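Going by TrEMBL, these are the annotated features:
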TRANSMEM  28-49  transmembrane segment
TRANSMEM  90-114  transmembrane segment
DOMAIN    90-280  domain 'ABC transmembrane type-1'
TRANSMEM  121-145  transmembrane segment
TRANSMEM  151-171  transmembrane segment
TRANSMEM  214-239  transmembrane segment
TRANSMEM  259-283  transmembrane segment
DOMAIN    321-572  domain 'ABC transporter'
REGION    579-606  region 'Disordered'
Amino acid sequence: MTNLNPDLVVARPRVFWRDLVPRRSPKLLVGGGLILAITGWALLGPLVVGDPEAISDIGLTGPSAAYPLGTTQTGQDVLAQLAYATRGSLYIGVLVGVLATVLSALFGIVGSYLGGLVDEAFSLLSNVMLVIPGLPLVIVISAFVPASARGAWTIAVVLAVTGWAGSARVLRAQTLSLRNRDYVLASRLGGERPWRVVAVEILPNLLPLLASQLVFAMIAAILSEAGLSFLGLGASNSATLGTMLNYAQNGFALQRGAWWWFVPPGLVIALFGCGLALVNFSLDEIINPRLRNIPRRRQPVDRPVAPLPVPRPDADTVLSVRDLSVTYQVERPVRAVRDVSFTLGRGEILGLAGESGCGKTTLAYAVSRLLRPPAEITAGAVTLHDRSGRDTDVLALAEGQLRASRWAELSMVFQGAMNALNPVMTIRAQLADVLTTHRPRLSRRERYARCREALTLVGVDLRWLRAYPHELSGGMRQRVMIAMALLLEPQIVVLDEPTTALDVVVQREILREVRRLRDELRFAVLFITHDLPLLLEVSDRIAIMRDGRIVEHATAEQISTRPSHPYTRHLLDSFPSLTGERGELIRPGEPAARSEGEPTSPGGAR
Ligand SMILES: Nc1ncnc2c1ncn2[C@@H]1O[C@H](COP(=O)(O)OP(=O)(O)OP(=O)(O)O)[C@@H](O)[C@H]1O
């Protein structure tokens with residue numbers, strides 16, 4: 001047996017079923033309850049009821065102690081028939097659900113992943129199936145098959161063959177989009193086999209879609225089978241809810257007031273469909289971890305009745321944040337931002353630094369009111385101080401006011417923002433779009449003039465206005481995003497790691513540009529990064545964040561030369577200096593020759 005290094009043996013995380021199920025979901029509880037009850041009835045009912053074919057001499061009698069659901073015209077027990085019919089209908093529903101889902105996955109996912117001729121052939125077939133009207137085809141096929149051969153399997157195959165194409169189109173579109181995602185490309189580059197890429201990278205992302213298609217196919221199959229049986233074209237040699245309804249119709253149950261004959265099968269169909277639909281609504285939450293634990297109603301912002309006094313050191317303050325706290329309301333609530341207070345001066349660059357996970361992005365999202373459940377602002381205030389002296393309580397803004405204030409008052413450039421450009425629109429169209437939304441009175445000529453100005457500001461040649469995003473380099477796309485953020489001359493620009501994906505030369509060029517623009521246009525910047533040396537270069541003041549709190553807040557010069565908090569010193573020590581002493585190389589197996597108490601990475605001289 002191989003001797004494994006115990007440090008390298010990673011314990012396989014235990015998956016608990018209770019973690020997979022969203023809590024307190026009434027939809028899931030009611031839907032699941034209905035499905036369980038009806039499935040239980042279908043499985044166990046036939047074992048406890050009598051013979052559904054047995055004929056007694058009391059035809060068409062209402063419910064009684066001997067026959068809880070009465071009898072049919074020929075004296076058969078309706079309860080016994082209902083048990084067998086429920087089993088028959090569910091059997092067909094499950095068969096069709098599985099068959100149609102397998103067919104749609106095969107034609108939709110495999111075809112689009114393999115591409116080329118296979119995709120074209122599969123697409124052609126699903127397109128042809130889509131334009132054939134389903135119900136008439138089912139009726140024709142069912143009528144063509146002799147009644148003696150029309151069992152549950154025949155009907156299930158007919159329904160599955162006529163019902164997979166719509167889902168296959170949806171799965172194809174989704175797979176085409178997924179196959180170009182970075183993590184899929186990475187696994188292909190890593191040499192993974194196509195079937196493994198499909199099974200491990202693509203399929204899990206399609207599970208919510210597949211599961212809801214399975215449920216939808218089951219509902220459609222049960223209803224279609226009932227319809228076919230009602231027309232006398234259903235599974236003639238097996239008992240289903242549809243055949244029960246058909247017999248009730250032929251026996252003039254409605255006209256003779258024998259409600260006990262047709263209401264129970266109709267009710268079972270309706271309740272089962274309802275249960276499946278309710279579970280379908282909850283499937284996304286069960287399968288997609290990002291949607292779990294979302295509070296069902298908006299939580300009010302936990303603020304004292306009297307508005308908090310907002311610190312306003314001087315008239316030049318443009319944004320003040322007071323005692324802001326944000327919690328992710330998940331299984332174990334995560335207090336990502338805790339009692340954070342700071343002010344941002346007009347034309348000032350405030351840097352926010354801290355290790356990964358300390359809450360920087362959450363803070364930026366909270367200030368911009370971009371947080372979504374499970375994140376919740378639990379306390380605090382965010383106030384915008386207008387040039388005209390008007391104060392706006394950002395947390396109290398209604399959705400419409402927020403839309404108007406975003407971009408015009410406060411704009412954002414986020415990490416990976418360069419990928420936020422729409423690939424099918426030219427740069428000019430995307431810049432002009434912002435103006436169309438926020439400045440609808442501008443003429444077309446004025447809009448384009450403003451786009452040209454903005455692009456010139458960030459140093460991008462005007463010939464790129466007509467280009468599509470993929471024709472620009474990463475640095476140029478990021479400049480375009482900055483141009484877009486400055487288009488409406490906002491008072492504040494939030495930059496959250498805007499240049500992380502770029503090389504250091506382009507990174508510095510862009511940040512120099514931001515500083516120049518700030519000097520020219522006097523907007524304030526909240527600049528977030530974990531690169532403290534970069535912040536020291538560009539910021540006026542710096543706030544250091546740790547575990548959701550701001551632990552030090554000082555000028556860039558003070559942070560650089562006289563950091564007061566041990567964590568700030570630790571952060572500064574973590575960055576190697578290009579001009580100081582060269583640090584030791586640490587090779588596996590060789591302990592670093594460093595005395596106790598020395599910093600773990602070189603960087604003394606700075
Ligand atoms: N959707 C979420 N659900 C639960 N916890 C979350 C969620 N998003 C973030 N968190 C937690 O909130 C904390 C702060 O995360 P945040 O992304 O704000 O950190 P950050 O400082 O911006 O990190 P980075 O520099 O790596 O982007 C982390 O502990 C993170 O695990």
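Note that Cβ sites are derived from N, Cα and C of the backbone, with glycine treated the same way.
The predicted model assigns the domain 'ABC transporter' (321-572) a mean pLDDT of 82. Counting only same-chain residues 6+ beyond the ends of the transmembrane segment (151-171), those with a CB under 8 A from a CB of the stretch are 88, 91-92, 95-96, 99-101, 103-105, 107-109, 112, 122, 125-127, 129-130, 132, 134, 137-138, 141-142, 145, 206, 209-210, 213, 216-217, 220-221, 224-225, 228, 234-238, 240. Residues of the same chain lying 6 or more positions beyond the ends of the transmembrane segment (259-283) and with a Cβ under 8 Å from any Cβ of it are 22, 25, 27-28, 30-35, 38, 41, 60, 62-63, 69-70, 72-73, 78, 82, 85-86, 89-90, 93, 208, 211-212, 215-216, 218-219, 222-223, 226, 241-242, 244-245, 248-249, 251, 253. Below 8 angstroms of C-beta separation, residues 21-22, 77, 79-80, 82-84, 86-87, 89-90, 268, 271-272, 274-282, 285-286 of the same chain, each at least six residues beyond the ends of the transmembrane segment (28-49), sit close to that stretch.
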